[in-house]
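The site 'Transition state stabilizer' annotation in TrEMBL covers Arg26, Lys33. The annotation site 'Positions MEP for the nucleophilic attack' is assigned in TrEMBL to Arg177, Lys233.
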Amino acid sequence: MPIGIQSTPASPRCHALLPTAGSGSRLGGDLPKQFQMLAGKPMLSYALDAFNSTPEIASIWVGISPAFIEDPILKSLSSMTKPTHFLPTGGLTRQETVINTLVAMLQSAIPENDWVLVHDAARPGIRPALIQKLIHSVTVTGEGGLLAMPLADTLKMVETYSPQDGSSVRVQKTISRDHLWQAQTPQMFGLQDLHDAIKAAMLINADMTDEASAMELAGSKPLLIHGETRNFKVTHPADWELIQTILKTS
Ligand SMILES: Nc1ccn([C@@H]2O[C@H](COP(=O)(O)OP(=O)(O)OP(=O)(O)O)[C@@H](O)[C@H]2O)c(=O)n1
Ligand SMILES: C[C@](O)(CO)[C@H](O)COP(=O)(O)O
């Protein structure tokens with residue numbers, strides 16, 4: 001390169017990763033919940049459409065169970081204008097789906113310092129403005145982060161736990177809710193950093209129910225960015241009714 005001319009490294013881009021290989025057993029139904037029709041389209045379409053409509057997102061990667069990769073339902077999803085990859089990277093757990101999909105992204109030559117936003121297909125209430133708020137906060141600081149909500153209810157630790165018989169559940173103690181937030185998604189981290197953190201956490205069988213927990217184990221302190229109530233995870237039948245009403249009226 002001639003003296004005096006310096007190449008400027010391209011700024012890291014943002015990519016969405018949607019783990020979409022769950023079975024939806026708590027919701028029930030003939031199909032996994034992400035493929036069931038919710039207010040006129042499959043639940044997965046809402047998250048896909050939100051990322052597709054977010055200008056900062058360069059590409060979308062969807063981790064599907066191998067059993068569903070040829071399913072016509074995937075072809076029926078709304079047309080995407082961004083590069084969107086449906087991959088048979090679904091695993092037995094959410095974190096397996098995430099790590100398999102991260103590996104596929106790295107193998108596809110996505111630069112290792114690009115950002116990845118991992119978002120549950122089971123959170124159809126996500127909106128482009130909220131995705132942009134997370135991207136803005138994370139890129140300004142250069143640190144990874146996630147959407148989350150401060151807890152509003154009083155928390156009880158129970159001394160007996162018998163889900164079949166609620167009457168036998170008693171309070172052991174009340175836990176202060178100060179400093180307690182509920183994690184939502186998207187969760188946004190550097191691609192290679194997140195890959196390495198999840199691999200390391202898996203090696204020690206760490207209890208890891210989200211991406212941030214893997215990054216915390218690796219020594220990071222992810223930023224918390226205020227999410228929205230409507231971005232809850234659709235888990236039980238009552239959640240389905242609630243999100244259906246919200247989506248029909250917004
Ligand atoms: N092996 C798995 C398990 C979950 N997920 C995804 O992770 C997100 C959050 O999972 P959750 O809804 O809690 O799990 P499900 O397995 O779908 O539901 P359940 O636990 O009720 O069976 C969902 O987008 C789900 O598809 C995944 O990609 N791979
Ligand atoms: C990632 C997550 O949505 C953050 O709240 C949540 O932990 C996923 O829960 P799961 O039931 O373990 O899939």
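Glycine too: its Cβ is placed from the backbone N, Cα and C atoms.
Note that TrEMBL annotation is computational and uncurated.
TrEMBL feature annotations superimposed on the structure.
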residue: Arg26; record: site 'Transition state stabilizer'; DSSP class: coil
residue: Lys33; record: site 'Transition state stabilizer'; DSSP class: helix
residue: Arg177; record: site 'Positions MEP for the nucleophilic attack'; DSSP class: coil
residue: Lys233; record: site 'Positions MEP for the nucleophilic attack'; DSSP class: coil
Around the Cβ of Arg177 (site 'Positions MEP for the nucleophilic attack'), other Cβ atoms found within 10 Å total 13
Rank the recorded sites Lys33, Lys233 by how many other Cβ atoms lie within 10 Å of each Cβ and give me the one with the fewest. Lys233
How many whole Å apart are the CA atoms of Arg177 (site 'Positions MEP for the nucleophilic attack') and Lys33 (site 'Transition state stabilizer')? 31
Provide, as an integer number of angstrom, the distance between the C-alpha atoms of Lys33 (site 'Transition state stabilizer') and Lys233 (site 'Positions MEP for the nucleophilic attack'). 11
I'm trying to understand the geometry here, so how far is the Cα atom of Arg26 (site 'Transition state stabilizer') from the Cα atom of Lys233 (site 'Positions MEP for the nucleophilic attack'), in Å to the nearest whole number? 12
As a check: which entries in Arg26, Lys33, Arg177, Lys233, the recorded sites, place their Cβ less than 6 Å from an atom of ligand 2? Lys233
Measure from the Cβ of Arg26 (site 'Transition state stabilizer') and count the other Cβ atoms within 10 Å, all protein chains considered. 12
